[in-house]
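A.B. asks: Found this in TrEMBL, in case it helps:
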- B:1-10: compositional bias 'Basic residues' (COMPBIAS)
- B:40-558: domain 'Cytochrome oxidase subunit I profile' (DOMAIN)
- B:684-858: domain 'Heme-copper oxidase subunit III family profile' (DOMAIN)
- B:1-26: region 'Disordered' (REGION)
- B:190-214: transmembrane segment (TRANSMEM)
- B:226-248: transmembrane segment (TRANSMEM)
- B:288-307: transmembrane segment (TRANSMEM)
- B:314-334: transmembrane segment (TRANSMEM)
- B:346-371: transmembrane segment (TRANSMEM)
- B:383-405: transmembrane segment (TRANSMEM)
- B:417-441: transmembrane segment (TRANSMEM)
- B:453-475: transmembrane segment (TRANSMEM)
- B:495-519: transmembrane segment (TRANSMEM)
- B:606-625: transmembrane segment (TRANSMEM)
- B:792-820: transmembrane segment (TRANSMEM)
- B:832-856: transmembrane segment (TRANSMEM)
Amino acid sequence: MPHRREGIEIFARKPTAVVAGAVFAAFGLSACEGPQSAFGATGADAIQLETLFIVMLVGAAILWVAVNGLFFYVTRVHTTSISRRLANGVIIGGGIGLPLVVVTALLVYGLSIMPDQRAEGDGLVVKVTGEKWWWRTEYQPLAGAPVVSANEIRLPTGSRTTFELTSERVIHSFWIPKLGGKMDMFPGRTTVLTLEPVTPGIYRGQCAEFCGESHALMAFKAVVMEPDAFDAWLEAEAAPIQADPQAPGAEIFFGEGCGACHALRGTQANGAVGPDLTHLATRESLAAAALPMNREALAKWVRNPETYKPGVKMPAYDHLSDEELDTLAGWLMELK
Amino acid sequence: MSKTRTHRIDRHTDPEGPYPPTEEMLAEPIDPELRKAQGERLKKAWAMPKGWRYISAVNNSEVGKWYSLTAFGFMILAGIMSLIMRVQLAVPENDFVSADLYNQLFTMHGSAMMFLFAVPMFEAISILLLPGFLGARDMPFPRLSAYGYWAFLIGGIFVMGSILFGAAPDSGWFMYPPLATQSEGIGSDVWLLGLSFIEVASIAAAVELIVGTLKCRPPGMRVNVMPLYAWYVLVVGGMILFAFPPLIAGDFLFEMERSFDWPFFDPTRGGDPMLWQHLFWIFGHPEVYIIFLPSIAIAAMVVPTAAQRPIVGYSWIVLSAVGTGFLSFGLWVHHMFTTGLPALSLGFFSAASEAVVIPTGIQLFAFVATLMVGRVKMSLPMLWIAGALAIFTAGGLTGVMIAIAPFDWQVHDSYFIVAHLHYTLFGGMVFPLIAGIYYFYPFMTKKTMSVRLGRWAFWLLFTGFNITFLPMHLTGLKGMPRRVFTYPGDVGWDWLNMISTIGAFIAAAGFAVFAYDLLRPKGRQPKAPRNPWNGGTLEWSAETTDHGWGSRSIPYVTTRYPLWQQKGIVERMDEGRYYLPDAEEGLRETLVTSVIDAKPLQVMRVTGPAWVTLWAAAFTGGAFILPTFHIYVPAIISGVLAILCICYWLWTSTAIIPEKTKKDAGLGLKLPIYISGPGAAGWWGVFITMLGDATAFASLIFGVFFYWTASPDFPPEGSIHANWIVMAAAAALLTASWGAMLGSRQLNMNGRGDLATACLVAAPLLALAGIGAMILSVWLPGLEPTSHVYPAVMWGLVVWTSAHVGAGVIMQLYCLAAVIFGKVTPRYDAPLWNVTLFWHFVILTVLVTAAVVAALPRVL
């Protein structure tokens with residue numbers, strides 16, 4: 001095989017080729033990474049599934065080459081007649097023997113991880129309700145009163161969190177690929193998912209079941225924290241609003257009747273149609289991850305939500321002046 | 001009327017004369033003058049209508065051609081939709097199309113590819129090819145094929161056209177409630193009614209294909225020698241018959257909810273959106289194999305020709321095809337792995353899904369084995385088969401991955417699935433189909449397609465396809481969900497989507513080259529040789545000049561590859577030495593044979609060109625399409641006109657009393673022209689249709705038990721129940737009607753036309769009273785169908801059953817007219833047999849409905 005030897009020699013003589021190979025491999029890995037990727041898993045369940053996938057991928061690649069290689073061989077390389085007995089062996093071996101062995105092994109391995117993936121939670125319970133393109137959340141810690149929030153999931157490492165999932169109107173699906181598999185959310189029924197985050201970080205989750213016009217814009221940030229940091233966050237989240245309810249921005253908020261749909265704990269705003277805004281500005285994103293969380297984005301959103309999320313329930317406030325919108329947005333950004 | 005009470009009419013239906021033919025009989029020379037005269041008469045009987053009357057043709061070669069070209073056209077349109085979507089997704093946060101339009105596009109892309117391309121294409125190609133494989137003159141019910149085609153065309157244009165008005169369905173091809181039931185506008189109704197209409201046409205074609213395979217094989221072609229394609233037609237036809245009805249039942253419930261607010265899927269009133277998911281996927285998963293198996297069938301015809309030897313493992317392949325068909329009905333839950341079902345059921349359905357690998361593997365390896373044993377000549381069709389294998393095995397292997405439930409939790413509804421399903425459908429449908437078109441093109445058109453363009457098309461489509469869909473596996477694993485009209489730029493999906501979009505346009509170029517080669521005029525090209533690939537099956541006996549008659553005489557076939565294994569068969573067919581070499585009466589005739597052994601039973605006269613089928617399809621279309629716009633009165637009128645057209649069509653062209661009881665079918669064999677009962681093709685048509693209908697009814701009953709087991713309060717405490725006494729009376733009345741129908745058949749057969757007439761007067765009256773009583777049984781106690789799913793489902797059963805009884809009444813009246821006007825006599829009584837068979841199924845439906853509505857709630 002002179003060809004192959006030559007190839008090896010090139011690598012031996014030219015270290016740049018080795019470097020290029022390494023760069024390519026690194027690029028290959030980084031190409032798979034991302035905040036919503038199943039690769040580079042950061043939760044116990046997703047790590048298990050990542051390994052399962054790599055095993056299946058290697059097996060599939062071998063089988064693909066074997067089957068197509070055999071086909072190529074008999075149609076292109078060895079086109080003359082091969083014995084009938086061997087041909088019968090191919091049908092029985094390839095059609096029955098091989099799949100029986102491979103599939104049985106895969107089923108044993110693949111299904112054996114199911115109990116782990118469906119294990120009961122041992123810590124926090126989070127109730128998540130799928131709404132018309134946003135997420136209503138309610139944290140129920142082992143001790144203490146439930147805390148209502150929206151459009152972001154925060155989780156502690158070191159324990160298995162239980163999600164009690166339901167939906168307001170249509171079917172949605174709750175999915176944080178970095179942490180594990182997905183679970184559908186049905187109106188009139190509760191489904192349960194448990195996840196065990198391992199590595200702190202900010203990840204992304206998204207609705208995976210088609211839920212109408214702006215299905216594409218129903219996402220959220222999933223923030224995994226060390227347990228202490230999480231407890232501190234939850235305590236802060238349980239508190240009433242920290243911003244000045246007499247500020248000019250607040251006047252616009254209450255004057256425009258925003259409180260009819262949105263709740264601000266500690267004020268008369270107690271609407272439950274839209275997301276709770278008590279600690280809006282602590283969230284990593286706005287409008288179920290359709291926009292970044294900053295003053296400009298908030299002003300744009302309030303002026304005309306339809307532009308950023310077609311079909312959304314929230315009406316446009318384009319009768320407000322740029323100045324008023326900016327003031328309102330500035331105050332909203334103080335909802336820490 | 002005759003007074004001989006017990007005298008049984010001698011029905012004279014047994015064949016007379018020698019069968020099977022001996023070698024000496026077949027060697028008998030035929031007078032050239034006679035042969036020429038026979039040919040002229042046949043040509044005249046099978047002549048194509050000329051000019052604008054061409055569209056009244058019903059011949060399988062014409063209907064099949066229109067059907068496949070129409071399906072191909074819908075495929076191109078659905079493909080253009082996918083290109084628009086690929087442009088939208090090429091870059092993040094694009095606004096090439098709006099969210100609303102994008103949602104309509106992906107819904108229509110999926111729906112059209114499934115309902116307007118994949119399934120109809122199989123039926124179209126089969127209508128075109130099957131008579132050729134079987135050496136038959138035509139399909140058994142040519143006008144039914146034409147009716148099905150026109151229904152498909154009208155329904156397809158209606159559904160496809162809706163997107164031009166921005167009124168297309170936009171809830172996904174799976175139409176999950178509550179999203180789809182609550183969807184505003186007419187989109188959901190377009191989907192439900194338009195596609196139900198097409199599903200009816202699909203079932204009609206499936207019935208015809210099954211009956212064609214069972215009853216129209218050439219003499220001697222036992223089931224174990226019929227071409228593999230015919231086996232696949234049987235399996236796939238059977239799957240259509242059992243898979244579409246659950247969807248039709250679901251559509252029925254769905255449209256009841258849309259139109260009348262009966263809360264079948266509304267969880268606030270006891271309904272359950274999961275029932276739709278079950279019904280949809282009980283249809284949807286077999287659908288995958290309904291699409292895939294015909295392509296395997298094409299490969300099963302191409303591969304032996306490429307290897308120039310009979311297939312290896314014929315029985316293995318047949319068993320595997322049947323096995324795949326059965327298994328495919330036990331896998332549907334793998335589309336619902338993320339709905340929170342119990343782990344035990346997920347494990348079961350994971351294992352069942354993996355089990356499909358075995359029959360699929362056997363079929364693929366049988367082809368490899370055939371190629372091993374033979375001496376392979378790589379031709380253009382084989383290139384496409386090789387491409388199909390490369391793509392399909394990749395799709396199959398990702399299928400093995402996602403059948404493992406935990407892995408599916410990760411990739412379900414992500415682009416990984418989009419990649420997987422396109423790999424299976426391109427490898428398991430598109431590529432083999434194109435291979436088949438290249439292979440059968442000389443048979444269908446007597447011309448050949450260009451090898452050079454064929455290679456261009458192949459390499460463009462193959463590379464374009466892989467550039468589009470291979471990266472999508474990664475896109476999905478990187479978390480991109482399906483059915484999103486846009487995505488943000490900072491999650492790493494942008495470059496992958498750009499690659500996919502570029503690939504899609506390369507693939508589109510491949511399709512364009514193929515379409516050009518397929519459709520370009522080939523008038524000046526010389527005719528293709530008669531058997532250009534040296535194939536061994538009967539279709540390659542077709543003459544290079546199409547006379548419309550299929551084969552000059554219908555051969556006696558005893559081998560799987562008669563052109564290779566029965567010396568001189570083609571010459572003998574051409575010379576008219578086999579069966580039906582003549583059309584003495586100038587009528588279109590084909591042979592009906594027995595189901596297993598293909599013993600000749602009858603010379604069946606098949607129908608010729610007609611306009612009534614077109615009218616019937618148009619009015620049926622009106623009955624389905626008008627309710628979309630809530631135009632109910634014209635819809636009912638249209639429905640009545642459709643029924644009248646169908647009655648006229650049946651009256652004037654089926655079960656015609658012949659001028660003589662038997663005729664010479666050739667080779668000294670005298671066969672009856674008219675038979676009734678289980679020997680007749682018509683009886684089988686009714687039987688097979690009703691199996692499908694019974695499946696739809698069983699799906700509704702499944703719904704009742706689903707509500708009962710899945711929800712703790714079904715029926716809710718203190719519910720009003722149906723009046724069981726009235727329902728029992730309804731059951732009794734309808735049983736009496738059924739008895740009268742059965743009695744009329746028996747009495748007529750025994751020569752008692754007067755009593756038969758009396759029975760046929762009583763039967764519809766009893767049936768109408770039965771319908772009345774059945775409706776009263778739920779109406780009197782005041783079951784309010786909009787209040788809760790329990791009364792709704794009881795009403796649903798009553799409506800379903802009443803509609804069937806209503807159809808039964810029309811048929812009874814048809815029989816009554818037939819007896820009075822002499823269309824039915826003691827000897828010629830096919831309508832009575834067929835309607836009685838229909839009523840057997842009706843009475844079963846009635847009794848189950850009565851038991852469920854009146855008895856079950858009291859037992860629970």
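The backbone N, Cα and C atoms fix where each Cβ goes, glycine too.
Whatever TrEMBL says is automated annotation, not expert-curated.
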A.B. asks: Considering every residue in the domain 'Heme-copper oxidase subunit III family profile' (B:684-858), what is the mean pLDDT value?
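C.D. replies: The average pLDDT of the model in the domain 'Heme-copper oxidase subunit III family profile' (B:684-858) works out to 95.
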A.B. asks: Which sequence positions outside the transmembrane segment (B:417-441), separated from its termini by at least 6 residues, show Cβ-Cβ distances below 8 Å to it?
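C.D. replies: Distant Cβ neighbours of the transmembrane segment (B:417-441) are 113, 118, 121, 125, 129, 288, 291-292, 294-296, 298-299, 301-302, 305, 380-385, 387-396, 398-399, 402, 411, 447-449, 454, 457, 461, 465, 468-470, 472-473, 475-476, 482, 514, 518, 528, 533, 539.
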A.B. asks: Cβ pairs under 8 Å with the transmembrane segment (B:288-307): which stretch of B:190-214, B:346-371, B:495-519 has the most?
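C.D. replies: Answer, by Cβ pair count: B:346-371.
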A.B. asks: Between the transmembrane segment (B:190-214) and the transmembrane segment (B:606-625), are there at least three Cβ pairs closer than 8 Å, leaving out pairs fewer than 6 positions apart?
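C.D. replies: Judged by the Cβ rule, the two regions touch, with the required three close pairs present.
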A.B. asks: Could you pull out which residues elsewhere in the chain have a CB under 8 Å from any CB of the transmembrane segment (B:226-248), counting only those six or more residues past its ends?
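C.D. replies: Residues packing against the transmembrane segment (B:226-248) from afar: 119, 122, 126, 129-130, 133-134, 196, 199-200, 202-203, 206-207, 209-210, 212-214, 217, 279-280, 282-284, 286-287, 289-290, 293-294, 296-298, 300-301, 311, 314, 317-318, 321-322, 324-325, 328-329, 537-538, 560, 688, 691-693, 695-696, 698-699, 702.
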